[in-house]
Structures are given as structure tokens and as C-alpha cells.
Amino acid sequence: MAMLSFEKKYRVRGGTLVGGDLFDFWVGPFYVGFFGVTTLFFSVLGTALIIWGASQGPTWNLWQISIAPPDLKYGLGVAPLMEGGLWQIITVCAIGAFVSWALREVEICRKLGMQYHVPIAFSFAILAYVTLVVIRPILMGAWGHGFPYGIFSHLDWVSNVGYQYLHFHYNPAHMLAITFFFTTTLAMSMHGGLILSAANPKKGEPMKTTDHEDTFFRDAVGYSIGSLGIHRLGLFLALSAAFWSAVCIVISGPFWTRGWPEWWGWWLNLPIWSQWPLK
């Protein structure tokens, strides 16, 4: 891929966290760096292990291939390779690849003199994954509480965990996570729609300005957060969705073992309701 006209001046030495100048180069448009190498290593190794694990299983059906975590009897120990050990190695590879990618983003930010909003945002996605496969299993005492790597098996795990707590939608942190996910979609779709509508006026008319965009929302809802503000809001909403999704699963089991509908008993016990006792 040809280098764009403005790219050359940004391809400068330095900004690396590890390795100095050894891996400080580009392949086409892609910056490599030490963490680019480790990302590639962990990604290739993890993918190869998944394919090898599938070859040892009963099917090549893409929907049914599954790499399961160890049985609960192994606790937090190292399991035999074909009894969950493969899942443990793949998990290490996944974390290694994700963290390496985030650190590679940090190096790119350092080269460009930018702040670290992008790698910080990606780190929240890493947090959600690590919560599922490391933090929660450790708190519950067994790697077997992690989710399997497979399409249908993963969906079965989600369903089973939900039913373990009777009705997972009553989990307050889950409510917050879903609210932030939906609100992110709403905010970003409205923002995207606004930009496209301003950038695509009727034939023969000039492109509209940020004043038009601000005025639209002032007319529509009485307030405009502004061009920079909508991106701050979008980042906050998206990070909140990832954060509360991690919270909702990590409190289920380690800190709350009953059905989530029972958690709302405090609401019924508020003094305000005492004049209407339950019968």
C-alpha cells in the first residue's frame, strides 16, 4: 500500500517502550515495534492451538467447535492439555495478544505526540475479557468458571450462568451495562447521522457547518453538547458499558450467590412502603 503524502513526516524514530530501534519500523502502512511482534506471536500461536484443539475434537463444524476450560476438580491448578490445559494456554495467548496490541497503540501515540485515549479505551475491553477468564475464576476458586471458546458452547455458557442466578437481567450492574450499550448506540448513530446530513446537502448547496449541527440539536432537544463534547460523551458511554459489563459478571458468584431478583428485596423493605404491608 502506497504511503500517503502526509505520513512520511510522522514516521520518526523513538517513542518505543521496549526494544529501542530494533523493531522500530513499518511494514507497509503498519507500525511494527516490539509489541507488534509479540502481538503476531501470541495471535498466531493461539489461533494454531485453537485449530489443533479442533482437530482433536469430534467435529469440524465451525458452530460446534469448542475449547473447554478445565473441570472444576482442577481448581486453580494446571490441567492436562486435553482436559482444559489447552484452554489455559490459549487464554494466556489471548491476553498476551490483547495487551501487546494496547501497548503498541501506546507507542504509536508517543510517536505522534498524542494522548493515550485510544489504548485506554481498548484496555476496558481487555478488562472485560480478563474479568471473565481470570479474575472471576480466581475469586471462585477454579479455572472451570471461565467460558469455553466456541460459538454455540459460549452461548450455552452465557445462558447457563444467567439461569444460575434465576434472572440475570435483574442484576443491577447488568442493567447499567445494557443501558450504556444502548445509549452508546443511540448517541453515536445520532452523531453519525448529523455529520452525514450536514456533509451531504442538496445538489448545488454548500456543505453545512458546525453551527448548523449545533442548531439542529438545539431545535430538537434544546441543547447541543458540541463537536468535541459528543466524542467525550461517546467515549464515556462506551467505557461505562465495558466497565459495568465486567462488574456485572464479577459480582455474580464471588459476591452474590442467590437469584438476582432477591437482591431487590431492599426496595420492598424501605420504610416508605411500611404503610402498605405485603400480604
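Note that Cβ sites are derived from N, Cα and C of the backbone, with glycine treated the same way.
The (7R,8Z)-bacteriochlorophyll b binding site annotation in Swiss-Prot covers H154, H174. Positions annotated as Fe cation binding site by Swiss-Prot: H191, H231. Residues annotated as ubiquinone binding site in Swiss-Prot: F217. Look at Swiss-Prot and you will find 33-56, 85-113, 116-141, 171-200, 226-252 tagged as transmembrane segment, backed by sequence analysis.
Positions of Swiss-Prot features highlighted on the structure.
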residue : record                                     : Cβ contacts under 8 Å, 6 or more apart
H154    : (7R,8Z)-bacteriochlorophyll b binding site : S66, F147, P148
H174    : (7R,8Z)-bacteriochlorophyll b binding site : F168, W244, S245, C248
H191    : Fe cation binding site                     : I230, G234
F217    : ubiquinone binding site                    : L194, Y223, S224, I225
H231    : Fe cation binding site                     : none
Residue list, the transmembrane segment (33-56) vs rest of chain: Cβ under 8 Å, 6 or more residues beyond ends.
16-19, 22-24, 65, 67, 82, 86, 89-90, 93-94, 96-97, 100-101, 103-104, 107-108, 149
Same chain only, please: residues at least 6 beyond the ends of the transmembrane segment (116-141) with a C-beta under 8 Å from a C-beta of the stretch. Say none if there are none.
69, 75-76, 91, 94-95, 98-99, 101-103, 105-106, 109, 147, 235, 238-239, 242-243, 245-246, 249-250, 253-254
